[in-house]
């Protein structure tokens, strides 16, 4: 949760000091948190060093890293965001296996020490980010604390979309393995469902990056439809009685949810502009945190009340469908803005065309 709650602070620091400085600062803080966990005498200290300090450090890294990608790329922003977001999937897939290997080879303290050393690479990566002059992208300099995003209805609806979707996805991550065991699938194969979902999400991020690059004008529609399809998978999962069927559903969910980390970047830039992107994304993390904090307990309560995982998945699917409906207003707004721009371009073209014809007519009359 500290990762999410650091979002607004990270956005303010990014606007004040730039992406490079904040990423380096986040890398140092997360390194110190991991290093401190190695020397922690008890679990309570680990809550502070690993949970609070390391989480806050990673939160400081995330916002400026995404902002840097948005600043560096214009025409290929969605493709770049897809490639960058896929790094999260690679880490989620590789690090658990690496940590298990280190624990078997040494012990958990040595494992954390190795991870803290690897974490220093964040500082190197941050140092390689060349500062970008924001005036190249906007006439308005970004403010350290900017509440303008909250004055836009489109941003509020996108925030609601993020909140509802995070409420929904909690159900599948928390209950899918337990549901698989409940229908007779062994523990080892049940655990593979989470890994398969992570790999498919990684592939989905890359695919949506490519799709969004070639269909830039329709990104918000693709984003909305994908959320609805992700919600549909929730309603199908309770009817699955075989391991293959369940595996197909979690893979589909992973693919559809891949749009969340990729297309969100371009949609947020379209709504707020580059100069307000960091502030907007930082505050979005608060809505995502609230969704995850609320969605998990609701899904758990549904199981406690009914004694069946089906209702937990139905509630999760409902949240995902509602998150899709929340994007209807931004879609209408986007379409009306596009029509207004097209109309303006047409009027300018007709105006310039008539001026050209008048000029040619005057030239001919002078020749005569």
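Including glycine, each Cβ sits where the backbone N, Cα and C put it.
When averaged over the domain 'Major facilitator superfamily (MFS) profile' (1-335), pLDDT in the model lands at 87. The annotation domain 'Major facilitator superfamily (MFS) profile' is assigned in TrEMBL to 1-335.
Sequence annotations record features per position, and here TrEMBL assigns transmembrane segment to 21-40 (among others).
If you look up TrEMBL, you'll see 46-72 (among others) marked as transmembrane segment.
The transmembrane segment feature in TrEMBL is assigned to 79-99 (among others).
Look at TrEMBL and you will find 111-133 (among others) tagged as transmembrane segment. For the transmembrane segment (111-133), the list of distant contacts is 18-20, 22-24, 26-28, 30-31, 34-35, 37-38, 50, 61, 64, 68, 71-72, 95, 99, 102-103: same-chain residues at least six beyond its ends, Cβ to Cβ under 8 Å.
Sequence-remote contacts of a segment are chain residues at least 6 beyond its ends whose Cβ falls under 8 Å from one of its Cβ atoms, and for the transmembrane segment (154-178) they are 187, 190-191, 193-194, 197, 227, 230-231, 234, 237, 246, 250, 253, 257, 260, 264, 267-268, 271-272, 280, 283-284, 287-292, 294-296, 298-300, 303, 309, 312-313, 315-320, 322-324, 326-327, 329-330, 333. Residues or ranges marked as transmembrane segment in TrEMBL: 154-178 (among others).
Proximity of distant same-chain residues to the transmembrane segment (190-208), defined by a Cβ-Cβ separation under 8 Å and at least 6 residues beyond the stretch ends, is recorded for 78, 82-83, 85-86, 88-90, 92-93, 172-173, 176-178, 180-181, 222, 226, 246-247, 250-259, 261-263. The transmembrane segment annotation in TrEMBL covers 190-208 (among others).
Sequence annotations record features per position, and here TrEMBL assigns transmembrane segment to 220-237 (among others).
Positions annotated as transmembrane segment by TrEMBL: 243-269 (among others).
The transmembrane segment annotation in TrEMBL covers 281-303 (among others).
Taken from TrEMBL, the feature transmembrane segment applies to 309-332 (among others). Outside the transmembrane segment (309-332) by six or more residues, the chain places 153-154, 157-158, 160-165, 167-172, 175, 178-179, 182, 220-221, 223-225, 227-228, 230-235, 237-238, 267, 271, 295, 298-300, 302-303 with a CB less than 8 A from a CB of the stretch.
Counting Cβ pairs closer than 8 Å and at least 6 residues apart in sequence, the transmembrane segment (79-99) and the transmembrane segment (220-237) reach fewer than three and form no contact.
Same-chain neighbours of the transmembrane segment (21-40): 10, 13-14, 46, 49-50, 52-65, 68, 109, 112-113, 115-116, 119-120, 122-123, 125-127, 129, counting only residues six or more beyond its ends whose CB sits under 8 Å from a CB of the stretch. Tertiary neighbourhood of the transmembrane segment (281-303): same-chain residues 1, 3-12, 59, 62-63, 66-67, 149-150, 158-160, 162-171, 174-175, 264, 268, 309, 311-312, 315-316, 319, selected by CB-CB distance under 8 Å and a gap of 6+ residues from either end.
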